[in-house]
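Copied over from Swiss-Prot:
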- 295-323: FAD binding site (BINDING)
């Protein structure tokens with residue numbers, strides 16, 4: 001009798017192990033890809049790396065856009081990606097929250113029925129991700145975790161608070177963890193070595209899109225794109241930023257020349273943007289763009305905590321300011337106290353001569 005009980009126990013044990021393998025261990029992180037319908041943006045590669053820290057079984061990537069097939073193909077080659085879901089529809093060209101959200105919610109809600117449950121949904125903490133992810137979290141009735149900078153385990157994450165002056169460790173017990181990833185905190189996933197299968201979801205996604213369009217009457221009106229030969233601000237190796245000390249927008253040409261000499265991008269503090277010196281797409285900081293270049297040159301920037309929150313992870317920080325007590329010098333690796341209108345042209349000329 002005892003032997004039989006042992007045999008039954010072993011049998012049940014194997015069944016339980018199989019059930020665990022089939023249910024608990026088949027967990028998926030769904031990464032929502034940021035792209036321009038032609039190319040995958042680096043922010044998605046950083047987000048995939050964050051997803052790889054979770055210990056989930058699968059990393060699936062949703063590519064939603066218009067004529068975005070080439071993007072889906074490139075994602076399938078990214079190391080660590082196991083599945084690619086592609087939804088191609090003209091309305092998705094601009095990733096409107098009203099049209100992309102139902103697709104994500106449907107993917108998550110139907111995943112548990114298929115035994116491969118989506119336990120995490122990650123997307124870059126950019127304007128792209130911030131636009132729709134709060135809707136996703138609300139519809140799934142879960143709390144969103146914003147600006148994830150470290151994945152400790154599948155339930156525990158770190159994120160900056162108080163303009164980056166403190167790091168909060170948060171634990172989520174939600175069935176599905178929904179979060180935006182601060183891309184500067186993670187390396188880019190290798191763009192080769194993967195062989196994921198690309199699956200079209202148009203058959204069930206298109207009706208959802210058309211329903212969303214009819215119910216919200218949403219449509220894209222227009223966009224204004226500024227062409228620049230300089231690298232994109234968030235991915236530039238070198239960033240030269242100016243603050244209120246630049247005095248006017250015309251003086252930013254001085255920084256543009258320095259940035260071009262170094263092959264970098266031009267940024268600005270909120271004070272410079274609010275003063276009308278430059279457009280807000282150049283703003284670096286808590287309410288602007290988060291950057292972490294190899295070299296960050298802050299010119300005429302005092303160093304408000306909101307600005308520091310957007311650039312303090314830069315590898316090398318150089319500050320040029322005439323005020324020796326400026327807070328920016330507290331985080332700078334190299335500081336130059338002097339008149340920027342004298343020092344910046346000298347620096348630019350010296351770099352040109354050294355080339």
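Cβ coordinates are placed from backbone N, Cα and C, and glycine is handled just like the others.
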Other CB atoms within 10 A, centred on residue 311 (FAD binding site): 28
Comparing local Cβ density (other Cβ atoms within 10 Å) for the binding-site residues 307, 315 points to 307
Among the binding-site residues 295, 299, 319, point out the residue whose Cβ has the most other Cβ atoms within 10 Å, with all shown protein chains included in the count. 299
